[in-house]
Amino acid sequence: MAKSNGENGPRAPAAGESLSGTRESLAQGPDAATTDELSSLGSDSEANGFAERRIDKFGFIVGSQGAEGALEEVPLEVLRQRESKWLDMLNNWDKWMAKKHKKIRLRCQKGIPPSLRGRAWQYLSGGKVKLQQNPGKFDELDMSPGDPKWLDVIERDLHRQFPFHEMFVSRGGHGQQDLFRVLKAYTLYRPEEGYCQAQAPIAAVLLMHMPAEQAFWCLVQICEKYLPGYYSEKLEAIQLDGEILFSLLQKVSPVAHKHLSRQKIDPLLYMTEWFMCAFSRTLPWSSVLRVWDMFFCEGVKIIFRVGLVLLKHALGSPEKVKACQGQYETIERLRSLSPKIMQEAFLVQEVVELPVTERQIEREHLIQLRRWQETRGELQCRSPPRLHGAKAILDAEPGPRPALQPSPSIRLPLDAPLPGSKAKPKPPKQAQKEQRKQMKGRGQLEKPPAPNQAMVVAAAGDACPPQHVPPKDSAPKDSAPQDLAPQVSAHHRSQESLTSQESEDTYL
C-alpha cells in the first residue's frame with residue numbers, strides 16, 4: 001500500500017478496493033473547504049476578530065460545526081463531590097485499581113470531572129507509568145530532526161484538525177506546534193509504523209487536556225495497547241475489526257445486518273473513521289468526551305458498543321430501512337446520523353446497557369482471523385495483543401509506582417536500638433545460653449558472635465517482611481564476626497512516596 005501523501009479527498013474505500021487512500025482520506029473531513037478557508041486567517045486571526053468571538057465550554061467557536069447548543073449541566077454541588085472522589089482515587093491509584101476497579105468503571109461511566117479529565121486519562125491509559133519509565137525520552141525525540149517524508153505530511157495535516165477549536169484555529173499557533181511535536185515524536189519512537197493521518201485527531205484531543213509530553217505517552221498507549229495495528233501500513237487490524245463489528249451486529253440488530261448484507265456494503269465504508277478516530281470526528285463533543293472516559297477505562301469494547309448502537313438506531317427498524325433503498329442512501333444515512341441517537345445521555349445509556357463483552361469480541365476475533373488466514377494468508381503486520389482497558393494494562397505492565405506507605409522503610413541490624421529507644425536490645429535467652437556454653441568450653445571470655453539476621457523496621461513503626469538471610473551453618477566457624485551495617489531498602493533508595501509523587505501532578 002502506498003504511503004499517505006495527504007492530497008486525496010475524503011472518501012471511504014469501496015468493497016474490494018485497495019485501502020491505499022484510507023490513511024490520507026481521514027485527514028480531510030466533510031468540512032475540508034471551510035477548514036482551509038478558516039486556516040487562511042493564519043496566525044493573525046486574533047487581530048482579525050477571533051478574540052471577539054465567543055467560545056463554548058469545550059473551547060470551540062460558538063456557531064461553528066464543532067460547537068454545541070444547550071447542554072445538560074451537572075449541578076455544581078454534584079460536580080464538586082465527583083471531583084473530591086476522583087482526587088481521592090488519583091492520590092491512591094494503585095489501591096483503587098487493585099481493590100475497587102468496578103467503582104472506577106462506574107465513575108467513568110458517569111463522566112470524569114472536566115478539571116481532572118486529562119490527569120485521569122493519563123492514569124487510566126498507563127501513560128503516566130510510561131512517562132515515569134522513560135524520563136527525558138520525549139525531549140530526546142522532540143530535539144531530533146525527524147524523517148522528512150513524514151514531516152511534510154504531518155505539516156500539511158495540522159490545520160485540518162479541529163480548525164474551529166481555539167487551540168488549533170491559528171496556523172502556526174501553540175496548538176498546531178504541539179501537535180506537530182507529538183506526531184513527529186511518534187514517527188521517531190515507532191519508525192517502522194511511521195505516521196497515519198488518523199492519529200492526528202487522536203493526538204489533538206489529548207492535547208486539549210494535557211501538555212505535549214503527557215499527550216505523547218497517552219498516544220503511545222492508544223496505538224500499542226488499546227488499538228494495536230490500527231495505524232500500520234496495511235490497516236489489517238481495522239479490517240478485522242470491521243468484520244467483527246458486522247458479525248456482532250447480527251446479534252444486536254438483525255434488521256440492520258440484513259439490510260447491509262443485501263446492499264453489499266462493506267464495513268470499511270462506514271466504520272473506518274469511527275474506529276480509527278475513536279468517534280472524535282463523528283459525535284457531538286460532549287458525547288466524544290463521555291465515550292473517551294469509558295474507552296480509557298474499559299478498552300475497545302466501548303468503541304464496538306458505540307458503533308453497534310449507531311447502526312442499530314440508524315437502520316434497526318423496517319421503517320428506517322425503507323428510506324434507504326440503495327447503497328448511496330444507506331451510506332448517507334450513516335454519515336448524517338440523527339442528533340437524537342448521538343445525544344450524550346441517550347448514547348451513554350445505550351452503550352452501558354448493550355451486552356457486548358470482551359470475551360465475545362475476542363472469540364469473534366479468533367473466528368475472523370482464521371477466515372483471513374484461509375482466504376488471504378498470514379497477516380503481514382504483527383501487532384501486539386490488544387489489552388481491554390485500564391485494569392488489563394495495569395496487570396500487564398504495573399510500572400514502578402511507589403508503595404502506599406506513609407514513609408519509606410529502613411533496615412536495622414538486630415543489635416541496633418529501635419527507633420525511640422535508648423537501651424540496646426538484649427539477645428534472646430536461647431542465644432545467651434549458647435554463648436555461655438561456648439565461653440565455658442574455651443575457658444575464656446569472648447565477644448558474642450554478631451547476629452546473622454537483620455530486622456526490618458518501618459521508620460513510622462510499620463513492620464516490613466524480613467529479607468532472606470543464609471542459615472547460621474552456612475558461615476565458616478573460624479570466620480571473625482562482623483557487625484552488619486544498616487542497609488536501605490529499594491523503596492527507600494527510590495526516595496519516592498505517595499505524597500511526593502502526587503505533588504508533581506498539578507496539571508488538571
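Backbone N, Cα and C atoms are what each Cβ position is placed from, and that goes for glycine too.
Worth saying up front: this structure is predicted, and the values here are computed from it rather than measured.
Swiss-Prot lists 1-46 (among others) with the feature region 'Disordered'.
As annotated by Swiss-Prot, compositional bias 'Polar residues' applies to 36-46.
Summarising the annotation, Swiss-Prot assigns phosphoserine to SER39 (among others).
Annotation comment: Swiss-Prot describes SER40 (among others) as phosphoserine, evidence class a large-scale study or a structure entry.
Under the heading phosphoserine, Swiss-Prot lists SER45 (among others).
Swiss-Prot lists 111-299 with the feature domain 'Rab-GAP TBC'.
In the three-state DSSP classification, ARG156 (site 'Arginine finger') falls within a helix. What Swiss-Prot lists as site 'Arginine finger' is ARG156.
The annotation site 'Glutamine finger' is assigned in Swiss-Prot to GLN197. The secondary structure of GLN197 (site 'Glutamine finger'), as reduced to three states from DSSP, is coil rather than helix or strand.
Residues annotated as region 'Disordered' in Swiss-Prot: 396-508 (among others).
Summarising the annotation, Swiss-Prot assigns phosphoserine to SER407 (among others).
The two recorded residues, ARG156 (site 'Arginine finger') and GLN197 (site 'Glutamine finger'), have Cα atoms 10 Å apart. Model confidence over the domain 'Rab-GAP TBC' (111-299) stands at 95, taken as the mean pLDDT rounded to a whole number. Of all Cβ atoms in the shown protein chains, 16 besides its own fall within 10 Å of the Cβ of ARG156 (site 'Arginine finger').
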